[in-house]
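Feature annotations, courtesy of Swiss-Prot:
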- 1-22: region 'Disordered' (REGION)
- Asp89: 3-methylthioaspartic acid (MOD_RES)
- 99-124: region 'Disordered' (REGION)
- 111-124: compositional bias 'Basic residues' (COMPBIAS)
Amino acid sequence: MATVNQLVRKPRKRKVAKSDVPALQACPQRRGVCTRVYTTTPKKPNSALRKVCRVRLTNGFEVTSYIGGEGHNLQEHSVVLIRGGRVKDLPGVRYHTVRGSLDTSGVQNRKQGRSKYGTKRPKK
């Protein structure tokens, strides 16, 4: 425990919270251009081909972003919107592409949880 005199001489330091999504620079989303679209495999014990893309953001950052949902239309030079949110079994993937905005299409034939995948309400 510090004495009053010690605290007068040198006050307590505030802890600085480190951002989980530094490339967004305190913005909710960022726009970017796909530089590479590919699949990668997750860490043990999971097994799959996860769809990801490398994105050059408008602020100059280059990040890896996960493409959620079944099927996508992204290719090189597609303009995408990026939000925060990591993928636990893919090391280095700390961002998600927003489905249904800019060049990213929504997921086809999706009935539940549509808002998360940019899918319009189906006709009766």
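A Cβ is built for glycine as well, from the same backbone N, Cα and C atoms used for every other residue.
With a cut-off of 8 Å between Cβ atoms, the residues of this chain six or more beyond the region 'Disordered' (99-124) that come close are 31, 67-74, 78-81. In the three-state DSSP assignment, the secondary structure recorded for Asp89 (3-methylthioaspartic acid) is coil.
In the region 'Disordered' (99-124), the DSSP tally of helix, strand and coil residues is 4 helix, 0 strand, 22 coil.
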